[in-house]
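Notes for the one structure printed next.
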Amino acid sequence: MHTADFLDIEPTEISSILSGGYNHPLLREWQSERQLKKNMLIFPLFISDIPDEATPIDSLPNIKRFGINKLVDYVKPLVEKGLRSVILFGVPLKEGTKDPVGTAADDPEGPVIQAIKLLRKEFPELYIICDVCLCEYTSHGHCGVLYDDGTINRERSVSRIAAVAVNYAKAGAHCVAPSDMIDGRIKDIKKGLISAGLAHKTFVLSYAAKFSGNLYGPFRDAACSSPSNGDRKCYQLPQAGRGLARRALARDKNEGADGIIVKPSTFYLDIMRDASEICEDLPICAYHVSGEYAMLHAAAEKGIVDLKSIAFESHEGFLRAGARLIISYFTPEFLDWLSN
């Protein structure tokens, strides 16, 4: 009969024993550099120009697109559960709204500016972030103003984007988050806010490291923002471009960004760590994008993972990599999970 062998080995070194440091649930909490809290979460809201809309997004489980008349009833229970911040994305659906320069982006009667004012009135403690981009509002679906040959006109684009950011701040947004990835827009936004007397009370949260990739499909379904021709590879970062990302992080920090977003997040934890080092004095925000969210739901539906466990694992990974904030479609679930 075979018997188990045990090697005769030297006694274990003192420095090799780690398990005594995490054998108890409280110890495991103490060993966590950052623990997920409600005040770290930012919830994306899609606001359309159809006032009574409440349309589920098929590719984004549990997420809807809302008109202004449906917004308060949806947000109120989330605020009561501890929601502290939202990021607004406007979705113009009415015929004839879009044009080559995204005029509707900062229309005072448009969905975003209406939503800013409504949410500030109904929920004074809720922190309002506005995504700043033109893609939802341009007839061509690109993030800036184009030359006749279809390439980005940098100067006109950043001038337009800065104007939109300033108008959101004038309407009451606490924070503007430019997501266009067009060179130099942080500097122009900051200058615009200074000129408007708003820089002292408007946080500029830059999508400094936003990569071109395959994980934005459900968002584009929700925001109706797919390009009508071409793609965004000439202004969003290439997936393997770590050096470019590091340069973009340093640039936006130097241009006056108050915080940094890394997007997507799961496949870019190295960039998040880079951001926490290059921009060490700024809050780093992970954007858990629509495709990442949808993938976790799909895996859970197949029985491959437990949804709650994998959501926590992914988000705790962002914190471990250096994030302090997370834009997450899981925010409503986390508000319940973190309460229980």
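Yeah, the Cβs are placed from backbone N, Cα and C, and that goes for glycine too.
Here is what Swiss-Prot says about this protein:
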- C133, C135, C143: Zn(2+) binding site (BINDING)
- K210: active site, schiff-base intermediate with substrate (ACT_SITE)
- R220, R232: 5-aminolevulinate 1 binding site (BINDING)
- K263: active site, schiff-base intermediate with substrate (ACT_SITE)
- S290, Y329: 5-aminolevulinate 2 binding site (BINDING)
To the nearest whole angstrom, state the Cα distance for the pair C135 (Zn(2+) binding site) and K210 (active site, schiff-base intermediate with substrate). 15
Would you mind pulling the DSSP three-state label for K263 (active site, schiff-base intermediate with substrate)? strand
Rounded to a whole number of Å, the separation of the Cα atoms of Y329 (5-aminolevulinate 2 binding site) and K263 (active site, schiff-base intermediate with substrate) comes to 14
Argmin Cα dist to K210 (active site, schiff-base intermediate with substrate) over the recorded positions C133, K263, S290 returns K263
Work out the three-state DSSP category of S290 (5-aminolevulinate 2 binding site). helix
